[in-house]
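Engineer: One structure is given below, represented as structure tokens, and several questions about it will come after.
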Amino acid sequence: MGTQTSYFLVSSHFIGEGCCEVFILSTPPREREQAMSSTLDEYCGSTFWNDSYLDRPDPDLPVCLEQTVLVWIPLGFLWVCAPWQLPPLFSPKQRGVRNSKLYLVKQALACLLLLTSAIGLIITLLEDYSDFRDPTPETLNPLVLYVNPSIYAATWLMVLLVHESRKRANDKNSPYLFVFWLLSVLCGVFTLQTLIRLAIREGSPPDLPRFSLFCISYCLQWISFIVSCISDVSSEVKAAAKKNPQLSASFLSEITFHWFSSMMLKGYRKPLEAKHLWELNDVDKTQTICTKFERHMMQGLKEAQRKMEGKRNKEIHKETEQMNGFSRSTSQDILVMEEKTRKDKKKKPEKLKATPTVPVGWLVLSMLKNYRHILIKGVIFKLLHDTLMFVNPQLLKLMVSFTEDMSVYQWMGYLYAVLLFVVALFQSLLLQQYFQCCFLLGMRVRTAITAAVYKKALTISNTARKESTMGEIVNLMAVDAQRFNDVTNFIHLLWSAPLQILVGVVFLWQELGPSVLAGLAIMILLIPINGVLMSKIKDLQMSNMKHKDQRMKLMNEILNGIKVMKFYAWEPSFAEQIFGIREKELKVMKKSFYLLAVAIFVVTCTPFMVTLTSFGVYLTVDPNNILDAEKAFTSISLFNILRFPLMMLPMVISSMVQAGVSCKRLEAFLGSENLNMSAIQQDPSCGTLDSAITFTEATFSWNRNETPTIKNVTLNIKPGKLVAVVGPVGSGKTSLISALLGEMENIKGFINIKGSFAYVPQQAWIQNNTLQDNILFGLEWEESRYQKVLEACALLPDLELLPAGDQTEIGEKGINLSGGQKQRVSLARAVYSDSDIIVLDDPLSAVDAHVGKHIFEKVIGPNGLLKNKSVSFLLSVNVVTEEDLTLGVDQDSQVDVDPGEAITLSLKRENSERARSRKWSKSSIRVSLKKAQRDKNLVSQKEGQVEMVKGQKLIEKETMETGKVKFSIYWKYLRAIGWWYSLLIILSYITQNVATIGQNLWLSDWTNDASHYINTTYPASERDQRLGIFGVLGVAQAVFVLLGVFLMAGGTIVASRDLHSHLLQNILHVPMLFFDTTPTGRIINRFSKDIYTIDETIPVSFRSWLSCFFGVLGTLAVICLATPYFTIVIVPLVVVYYFIQIFYVVTSRQLRRLDSVTRSPIYSHFSETILGLPVIRAYRHQARFLADNERIINENQKCVFAWIISNRWLAIRLEFLGNLVVFFAALFAVISRGSLDSGLVGLSISYALNVTQALNWLVRQTSELETNIVAVERVSEYTELDNEAPWTTDHQPEKSWPNKGEIKFLDYKVRYRPELDLVLHGITCEIQPNEKVGIVGRTGAGKSSLANCLFRILESAGGKILIDGVDISTIGLHDLRQKLSIIPQDPVLFSGTIYMNLDPFSRHTDEEMWRSLELAHLKQYVANLPDKLQHEVSEGGENLSVGQRQLLCLARALLRKSKILVLDEATAAIDLETDDLIQTTIRKEFTDCTVLIIAHRLHTILDCTRVMVLDAGRIIEFDSPLKLLQIQGYFYNMAKDAGITEAGATAL
């Protein structure tokens, strides 16, 4: 570079050496700049800066600037970042880390670059100090030619070290290196173009060696940059990346979300399924999230509890001091003090009320601590984005100025266009990273809350649990966790929005001066208005949450008791209750929507009012002020920036308000007390050495404030003992067990146990799983042990009846098993667990006598599977005799009871009844099991059976639509809103957008006034006209928005009411088959999440979509109007946009559907867990259920994560398109600047700057709307389910029907589901009026099915039933069911009063109520209650014992006094004494009724007119009990097993 060097030398001589000192000593900034410049001139040997370089049509940069600043930028960046890259170098080297090919390529490139630097330095040295030195120049090469190669060589060495460091860290590509290479190639472009220019000017390269070296080095840098875009990961990571491609994504792929493209492609080609989704990153897995969150949560909770205790103690101390002060008062003050004391006493309850009972304010702080890193990351991205956002108006100002001033060079316009594009591009990248941080944070917060609520539910005390119903807890997971998710998405706007407003005002001040304060005053004035509106909305939200909870609680109960509701034909009453709550909910929602409409109106008014006020004041204060395009559109651009924070701030505050409500609810639940297990000790040294369970003065209560149920019990139970606890209904038998399991509140004393627990509850708890999994209950499968348990629990015959044996799926709550089967599965679970202590709560109440005998012999008795176990508790068992109690233990065994209690009497009575036949027929039970024993090998125990047996799968996979949401769904929603509403809403949005465009065009025309009135005064009339029309168009916008939102509120409320009404009506009309095969959680999801979406999310999506759609159309129209050339690019852009949108919507929609489908199991599993809580706690299986919950949440998390990334994938591509729109709008404005006025250019580009956001929001809202409309699709799916027969028909029976009670079965056949075999095979029989018919048979014989057929719960598959000559299939279901009565096997009660549970339609008088309670032996109990008939029954009747619930069901039947009564094992949960009283009542009260009694206790049906014996769905015997005993058939064997003889039966 000889020529260039001589040029450097010439320029350096111009400056001179002495001058430098003078300039450095000078103080003015300008002189210091010159001094610095001269130093750099000398350093480079050429001019560092001269304005003339840019002041020409073809600009260039000085060589010195290129050799210094453009070299230092990339190198400085790398050296600053090096400390964060090198630490792995100093850690011990990992063995087995192989060098990848990519790593070797990178190192080779760095070595080559190092070589080029070394060669450059050598060339300089040779030129200056070798024989090759050119003697012509007098001076040496400038210093830069020594320094640059040296610092480059050091940098390439640093690059080598960074590569090695990254390899040792087993990390992906370094983002720092990627940025470094990018900066290097960008800065190198300027040097390259300078060298090429010089070469063209000179005809050949001026300094061939350095020119060649630079070209080689620049090529190597480009190759290094390309290589840095490729991820370099180990083989292990590559293997893991097949399940999660993000693990191997490069930095470029990460910031553009390119790694997700394969999922988008897969989703486009075929509908996505759950199996297609990738694994989560460790940081996003539920277990990781929960572990971290729980640590901070516990710390926060303890701190809050400590503060609350301190505050409470301080208040108590203060009150004590006041009282002491009173006692020391002088005598004359006594009267005054007494008065004050009285006042204080009045105030005290209020004060105590105000003190919080649970810690508050800790949850949000815990979250902030836990997620501080991702929050800080979000702050950085948002801050950088917001900074760049304010660059655009300044560039717009320059662009408008460029179009006005024709003397400015053309290249300046192109530079502005490029800068607009580059700034917008960086904005997009930063914004998407910010959004990813926010949405991932939201997802993690939601997961943490959901998992925390589930975990709390496993440990919560019974007292605290009663404060929250199932519906409320489900809402905590479904609604409140979602609200936290929503608020975290925009949490940064709390600081960002005020900051944007502040910066915007500063820039506006520069444009409009103090006039902007008028606009600012308007903004400040409107803030309190928004505050008041949001406060009102908050109050409404709080009250509405109560209605939602109430509705969900009742809905949960309806679904749990749906069978009983159908038996009693109570659906209309409960539907009316739900509709009543729903109306209250919608009323509050309507108020909330109207307030929101006013808030939106205020927000819409704000920008134009601020603009109008600012422009008006600006023009009024000085007649010389004229609004030109530069001022107007820069101001408008700034006002547009302000519009977003002004619009979002109230919404964020609203979300914060909602989240605040949710926060209080969550804090109340998560901060409530846990189950206190301290009274249940497991101390081997406690008590006597040979005691398994020791009660020491144990006093327990269900609630601390209630009377203890267990009082001062002292018991010592030895290992290996069999103990029976008996007593009348409500005497505390189950409470004793609950105390032992730690389920009750300890008042005093303790219980010590030695060994593990197994528990069989009174009401069997069955999981929605295979029968085998229900028995194994998380344990490993051992064939021999498993077969022994099946045989002992008499389950082998049942396996023959089930479609797929033990691989048959059991429905929720064991819906496809009979009561006896459920109880035996529950028992089998306990036996298989091989625990030390087995607790059995009335285990044989639901099984037949002969099966009970078999179970006692094989499981509980002296030779049973439990013979060596520590202790077995049996509560009010029906087959135990006094002799039985001592069979399995030594002669000195004892039953520990309080001497004076009635349970001994109960036991004696039970024994005396059984005393007639002490000998057990050990062979008789085996009669019914012979076939099962013989075919035992048929029971398949192969794990992982692939082939599904018909009927094996009960719970069908949740149906999920695929592909595009049908237009009919939108049509259905619009029809639900109403056509007039829909039309008026669309018209109001169109008009609003027309007003907006009109206002902006008016402003564009207004700015041209500046050129008309250059040196003259602006006429006041003209000014007023301009301001007036501008204001009118602004008001028109706001008014039409208000109108649109008001109409939307009205229409969507109508739609919500309509859709919920249809859903509820249809759910109540569907047959029982649907409830048998559908988990409750799935139905609950429709009523909670989907209805919430229809109520609150769809209206917002619909409103936003309309606004965005017309906004985008308006933007494109304005740009095309301003720059007609733009129409050339609009077509390809629209095509690309369309394809990206189609690509995205297909996948996004499917991901949201998957989200809904995978969310249902979370609620189903939760509901199931709550119902089985005592069992799970007894078995100590909390950890396993927590793990199951984490697995289920993870499945849902995969969908949510994929959806979040799909949004970012779309946004980055759409924003790139939007940035192109900005670029082309600016480019065409530059090209045609001669023919355009500045007003239109300003308008065009300011609109283009908004199009990026508008396009993004349009696709997002299109997807959101389509995603949310899926809720309508899901609700519609349940409104179109096949219904059972009509409740009423035209063919109504007479009012007096049935007046006789005659029942005829004619060849009656029935099956549970179409694909299953018959359960009743051609039943033909005739039951005479007033007959009492006992129905018996082993479990699963079809006894309950026969009762279900009578009520048409199961519809006929052939034949018919006649009641008093009327074919029941020809009349309405309610006409039939209201005329029959049933006391069902499971006593179901609903939350409400005792009165409501007996008579929900209020058809009977109080006297009739008390009469029925008296006959059911409950009158005394109810009369002793404080509220009598108005006593509140808790959810599921939990505050009554099972026996009391069964007696209430009996009272219902007595109240109805129907001609036909069915008792389906109605006295299974009642002691024998009460059972006898009830049997007497039934004989007396139903003498003129036909009674069908399904019973396990054979002595209860021995006085029946006839007995029907069923087996495998066929009648095998049907005659009087005596005749059946005489023929010694099937019934005789059953009676013999139950200890009943012919003589005994005759005596009875």
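Including glycine, each Cβ sits where the backbone N, Cα and C put it.
Keep in mind that this is a model prediction, so the values were computed, not measured.
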Engineer: Quick test of your reading of TrEMBL: among 380-399, 1100-1119, where does it put transmembrane segment?
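Structural biologist: So the range that TrEMBL calls transmembrane segment is 1100-1119.
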Engineer: Can you give the mean pLDDT for the domain 'ABC transporter' (693-924), rounded to a whole number?
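Structural biologist: Mean per-residue confidence for the domain 'ABC transporter' (693-924): 71 out of 100.
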Engineer: Considering pairs 6 or more residues apart, do the transmembrane segment (973-991) and the transmembrane segment (490-509) have at least three CB pairs under 8 Å?
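Structural biologist: Stretch pair does not touch.
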Engineer: Could you pull out which residues elsewhere in the chain have a CB under 8 Å from any CB of the transmembrane segment (1100-1119), counting only those six or more residues past its ends?
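Structural biologist: Contacts with the transmembrane segment (1100-1119): 985-986, 989-990, 992-993, 996-997, 1000-1001, 1044-1045, 1048, 1052, 1126, 1130, 1221, 1225, 1243-1244, 1247-1248, 1250-1251, 1254-1255, 1257-1258, 1261-1262, 1264-1265, 1268.
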Engineer: At a threshold of under 8 Å on Cβ distances, which of 175-199, 490-509, 593-621, 641-661, 1216-1234 pairs most often with the transmembrane segment (1027-1055)?
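Structural biologist: When the Cβ pairs under 8 Å are tallied, 593-621 comes out ahead.
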Engineer: Where among 102-123, 175-199, 593-621, 641-661, 1216-1234 do we find the most Cβ pairs under 8 Å to the transmembrane segment (490-509)?
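Structural biologist: Of the candidates 102-123, 175-199, 593-621, 641-661, 1216-1234, 641-661 scores highest.
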Engineer: Six or more residues out from either end of the transmembrane segment (1216-1234), which same-chain residues have a Cβ under 8 Å from its Cβ atoms?
Structural biologist: 399, 402-403, 406, 410, 413-414, 416-418, 420-421, 424-425, 428, 1119, 1122-1123, 1125-1126, 1129, 1133, 1136-1137, 1140, 1241, 1244-1245, 1247-1249, 1251-1256
Engineer: In the same chain, who gets a Cβ under 8 Å from the transmembrane segment (593-621) while lying at least 6 residues past its ends?
Structural biologist: 508, 512-516, 518-523, 526, 529-530, 533-534, 536-537, 540, 627, 632, 635-636, 639-640, 642-643, 646-647, 650, 654, 999, 1018, 1023, 1027, 1030-1031, 1034-1035, 1037-1038, 1041-1042, 1045-1046, 1048-1049, 1052-1053, 1099
Engineer: List, by number or range, the same-chain residues at least 6 past the transmembrane segment (175-199) whose CB is under 8 A from its CB atoms?
Structural biologist: 4, 60-61, 63, 66-67, 70-71, 73-74, 77-78, 81, 84-85, 159, 162, 166, 205-206, 211, 214-215, 218, 221-222, 224-225, 228-229, 250-252
Engineer: Report, as numbers and ranges, every residue of the chain located at least six residues beyond the transmembrane segment (69-90) whose Cβ falls under 8 Å of a Cβ in that stretch; write 'none' if there are none.
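Structural biologist: The answer is 61, 148, 151-152, 155, 158-159, 161-162, 164-166, 168-169, 171, 174, 176-177, 179-180, 183-184, 187-188, 190-191.
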Engineer: Sort out the residues at least 6 away from either end of the transmembrane segment (641-661), same chain, that have Cβ-Cβ distances under 8 Å to it, and list them.
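Structural biologist: Residues 389-390, 393, 483-484, 486-487, 490-491, 493-494, 496-498, 500-501, 504, 523, 530-531, 533-535, 537-538, 541-542, 545, 596, 599, 602-603, 606-607, 610, 1253.
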Engineer: Apart from its near flanks, which chain residues at least 6 from the ends of the transmembrane segment (102-123) lie with a Cβ under 8 angstroms of it?
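Structural biologist: Same-chain residues near the transmembrane segment (102-123) but 6 or more away: 145-146, 148-150, 152-153, 156-157, 159-160, 163, 167, 209-210, 213, 216-217, 220-221, 223-224, 227-228, 230, 232.
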